[in-house]
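What TrEMBL lists as ATP binding site is G10, I11, E12, G13, A14, G15, K16, T17.
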Amino acid sequence: MKNQFIVIEGIEGAGKTTAHEAVIAILHEHGINNLIVTREPGGTPLSEKLRILIKHGVDGETVTDKAELLMLYAARVQLLENVIKPALSRGDWVIGDRHDLSSLAYQVGGRGLDIKLVNTLRNMVLGDFRPDLTLYLDVKPEISLQRILTRSKLDRIEQESLCFFERVRNYYLSLVSGDSKIVIIDAQQSLYEVELSLRKILYNWLAGKHL
Ligand code: T5A
């Protein structure tokens with residue numbers, strides 16, 4: 001199999017960071033060592049600055065939903081053109097912590113922005129570039145938010161209501177069904193069981209079997 005772009009998606013506390021490590025280990029077991037990891041928003045010097053603005057805003061000023069969307073796509077196009085596409089051209093594998101699906105789930109599903117606006121921006125910025133495989137970790141917000149409550153300080157988006165994360169999750173679920181390049185994983189299982197699921201999916205996928 002030629003090098004691929006694999007993305008891990010899900011709401012806060014779904015276990016993406018943990019899954020990332022499992023995916024890398026599984027690829028190593030297949031002799032795939034030429035890989036890079038990315039995160040969104042972030043992953044380039046400019047995108048990391050935008051990440052701070054997206055997550056924390058600026059004191060005394062409301063971040064509008066449209067400004068949030070534009071910052072996310074500015075960060076994404078920097079990462080795509082300066083890191084992801086060059087890596088894929090070199091023959092490296094790319095493992096992404098979030099990509100474009102997050103904007104549909106959070107900005108359309110969560111914030112309620114018009115899908116036509118997001119699709120127009122998406123087509124202009126990304127064209128037809130899409131991940132080869134997306135692993136969507138599905139978990140109820142009431143469970144995942146419990147997992148992140150131990151953090152000392154929640155950021156601007158993490159402070160959103162349970163209803164917001166329910167809308168995000170429902171939108172994810174609506175996008176996942178019917179897309180053969182997105183696989184859903186039950187992230188309410190134990191960490192061990194999630195890793196077993198990832199292992200099974202990736203072994204089949206790498207062997208070219210239908211998912
Ligand atoms: N955003 C991002 C948008 O709104 N639109 C976009 O287009 C994009 C790209 C990014 C923020 O930006 C928003 C979404 C986000 O709000 P971030 O810090 O990168 O910010 O946030 P997340 O990506 O959500 O990262 P988190 O760390 O919050 O979630 P993870 O990575 O899914 O969770 P993880 O792996 O760190 O696990 C959290 C805790 O839960 C435990 C772990 O051990 C850890 O302690 N855990 C489990 N415990 C029991 N059972 C399991 N199965 C567990 N899985 C994990």
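Using the three backbone atoms N, Cα and C, a Cβ is placed for every residue, glycine included.
Here the features listed in TrEMBL are painted onto the structure.
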| residue | record | Cβ neighbours (10 Å) |
| --- | --- | --- |
| G10 | ATP binding site | 26 |
| I11 | ATP binding site | 26 |
| E12 | ATP binding site | 19 |
| G13 | ATP binding site | 22 |
| A14 | ATP binding site | 26 |
| G15 | ATP binding site | 22 |
| K16 | ATP binding site | 22 |
| T17 | ATP binding site | 11 |
For T17 (ATP binding site), what is the secondary structure state per DSSP, taken as helix, strand or coil? helix
Listed in sequence order, residues not in G10, I11, E12, G13, A14, G15, K16, T17 with Cβ within 8 Å of the centre of the ATP site Cβ atoms: L137, V139, S144, R147, A187
